[in-house]
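Features of the protein shown, as given by Swiss-Prot:
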- 5-25: transmembrane segment (TRANSMEM)
- 43-63: transmembrane segment (TRANSMEM)
- 84-104: transmembrane segment (TRANSMEM)
- 107-127: transmembrane segment (TRANSMEM)
- 184-204: transmembrane segment (TRANSMEM)
- 218-238: transmembrane segment (TRANSMEM)
- 247-267: transmembrane segment (TRANSMEM)
Amino acid sequence: MGDQSIISALLLGIIEGLTEFIPVSSTAHVLLAGHFLGFKSPGNTFAVLIQLGAILAILLVYFQKLVSIAVAMPTSAKARRFVLAVLVAFLPAAVIGALAHDFIKTVLFETPMLICVVLIIGGFILLAVDRMPLKPKYTDIMDYPPSLAFKIGLFQCLAMIPGTSRSGATIVGALLMGTDKRSAAEFSFFLAMPTMLGAFVLDLYKNRDALSFDDSALIAVGFVAAFVSGLFVVRSLLDFVSRRGFAPFAWWRIVIGALGLVALLVIG
């Protein structure tokens with residue numbers, strides 16, 4: 001294990017944390033960065049465990065709100081409806097993810113060119129939706145009905161295609177269904193909790209025979225980097241979106257996708 005491997009692990013962890021909760025596709029960024037850095041994950045352990053760092057970041061930021069919702073559930077119909085809405089939104093991705101896991105991981109994830117193209121297409125879609133004169137009917141995530149949440153959950157299934165972005169798909173779906181930008185991003189945070197935990201557990205189970213902690217230092221570096229950078233994003237994203245919208249992320253996707261295509265054609 002050399003200094004170059006540690007630097008690569010640090011960069012990939014930072015990329016995971018910074019991109020996991022914004023609509024630019026963390027999967028695309030981590031896969032493309034790993035490809036061009038020539039980083040070889042120890043088994044599949046590194047890729048699986050750095051996700052846990054990002055998961056813990058969002059759980060920490062929203063810990064008090066999660067506790068308050070849990071405490072209110074026995075007496076508050078609003079709290080119970082919100083929990084139901086999150087679970088209903090999670091269901092489509094849970095079913096499709098479990099059924100198509102092997103195909104997604106072994107076929108779609110091995111196609112960098114596809115990832116770049118999807119990044120660009122998704123960027124233009126996000127840009128178009130961000131500029132639409134939408135009139136939001138829902139501005140508080142606690143008021144999202146389960147029927148709305150289910151539709152958002154269907155959009156989340158699009159994120160099975162690498163480069164789409166889980167948060168991007170849910171945010172676009174929420175905006176088209178009548179939410180405002182801030183609450184769309186916040187609901188995406190809450191939906192990320194069961195979705196990412198479920199994906200983590202499934203990945204861990206599927207890769208149980210390949211897991212290796214031989215390079216535990218690399219895993220630790222990536223994990224901590226993902227956790228710290230994830231904290232920064234979760235704490236600042238809602239205010240950023242309220243001020244700037246999603247256009248900066250859309251242009252970022254387009255630029256990174258285009259640069260990735262050029263690099264793949266030139267370098268391979």
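Cβ coordinates are placed from backbone N, Cα and C, and glycine is handled just like the others.
Counting residues 6+ beyond its ends, the transmembrane segment (84-104) has Cβ neighbours under 8 Å at 144-146, 148-150, 152-154, 156-157, 159-160, 162, 170, 187, 190-191, 193-195, 198-199, 202, 206 in the same chain. Across the candidate stretches 5-25, 43-63, 184-204, the maximum count of CB pairs under 8 A to the transmembrane segment (107-127) is reached by 5-25. By the Cβ criterion (under 8 Å, sequence separation of 6 or more), the transmembrane segment (184-204) is in contact with the transmembrane segment (5-25), since 3+ such pairs are found. If you look at the transmembrane segment (218-238), the same-chain residues 6 or more away from its ends with a CB under 8 A from one of its CBs are 1, 5-6, 9-14, 16-18, 20-22, 42, 45-46, 49-54, 56-58, 60-62, 182, 185-186, 189.
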